[in-house]
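Sequence annotations record features per position, and here TrEMBL assigns domain 'Amino acid transporter transmembrane' to 42-415. Annotation comment: TrEMBL describes 73-94, 125-147, 167-188, 200-221, 241-260, 281-299, 329-348, 368-386, 392-414, 426-445 as transmembrane segment.
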Amino acid sequence: MGISNELPNGSQQIVQKEIRDETTPLLPVKVEEEGFHEFNGASFSGAVFNLSTTIVGAGIMALPASIKMLGIIPGILMIIVVALLTEASIDMLVRCSHQGKITSYGWLMGEAYGQWGRIALQSSVVINNIGVMIVYMIIIGDVLSGTSSTGVHHRGILEGWFGAHFWNSRAIVLLVTTLFVFAPLVSFKRLDSLRYTSALSVALAVVFVVITAGIAIIKLINGTVAMPKLFPELDGLSSIWKLFTAVPVLVTAYICHYNVHSIDNELEDRTQIKPIVRTSLFLCSSVYIATSFFAYLLFGEGTLDDVLANFDANLGIPFSSLFDDIVRVSYAAHVMLVFPIVFFALRLNLDGLLFPTSRHISRDNKRFAIITITLLTVIYLAAIFIPSIWDAFQFTGATAAVLIGFIFPAMVILRDPYGIASKRDKILAVTMIVLAVLSNSVALYSDTMNIFRKKEVA
């Protein structure tokens, strides 16, 4: 909802007040008259865990395959470069927002590019997040109940432990997860309320890293690990094009921009947001590098696109099946706890698209409940009836994620609605747009060709 420069001053103030009312934090600082207790601001650690949980989602499992494709040295360098670019793009959003006293990403895009800018941002967040959460639910179903989407049946943990029963079927397991895990966690109106589950989610990701590293080191000592390649193997133009398919995976691994404003709004001291972003990116980059390195070291050229699938076989160590189960259970729990963080931004942006002039969703319990229940139902049904949608969301997710994380922040700084952009900012913004468009265009082209080749072979 941008503010037109042609409006009279009085009209500008009215529109600006409406936007402020619409985009204020989900829960006001103090609303005792509505029965809430005073909220004095989110803690530094809570904000770090919430932002880190937004970042570390399902993408972590695709990173080892990217390292296999790129080689260890270029792969790790790319993880670091994308982290630095992510910090720069978030810094662009934060500086503009603080200068204009803006409290949402959609409002900022509205200020820079009018109503269509806001709609473009909110639509991208809805497309990206709903796709991501369907994939999360599919992962949970695959891990707990098993899957036959590839034509070969892979037993889930519950099926392996108790045998095949109606109560551990995919539909029942996901229904129970939705009702007793997701529904309570997505009912919170303040992001800071999820700080403890976010801390647990990050801890579970670290558990995966520790187990993978431990197994890789044991096998390295025993001399049963092959030397991984340090650089990619290039044997022609097609192999060079194929390297670009790793770019969307690396880019989407850091997308958290849609929750930055919500976290920023809840801080008592908003100057803390920059160190919070840096701390979160350092933590997540460390987890990403360790996961990629040790998983590739452990599985070598046998590393699958989703490395979790590698933990469905004998690892060549004592108690292999136990470690397989621990890894899969901890990761399923991790994904369950990431879900409400991503859902938070989805609900906020979908509400902004559908009801742009209504009062904030946190002040309308009926609208809050209807949107929440509808979204949970749609995501659940999609996960049940579409067992494998990785190819579809590889396109929509990657495209929307690149817009949210790099192209839109660069466009805001180029429009520079508050006159704060330096020459360096604008050069960096142009560079980000060019890199994002070129790399993702090549990646999408390469992915499309791979799909057609698979169909021809089939």
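In case you wondered, yes, glycine gets a Cβ from its N, Cα and C as well.
Cβ atoms under 8 Å from those of the transmembrane segment (368-386) belong to residues 130, 133-134, 137-138, 141, 170-171, 174-175, 178, 182-183, 186-187, 189, 343, 346-347, 350-351, 354, 361-362 of the same chain, restricted to positions at least 6 beyond its ends. Between the transmembrane segment (426-445) and the transmembrane segment (73-94) there are at least 3 Cβ pairs closer than 8 Å, counting only pairs 6 or more residues apart in sequence, which means the two stretches are in contact. Using a cut-off of 8 Å between Cβ atoms, the transmembrane segment (200-221) and the transmembrane segment (125-147) share fewer than three residue pairs, counting only pairs 6 or more apart in sequence. In terms of C-beta pairs under 8 Å, the stretch of 73-94, 125-147, 167-188, 329-348 lying closest in packing to the transmembrane segment (281-299) is 73-94.
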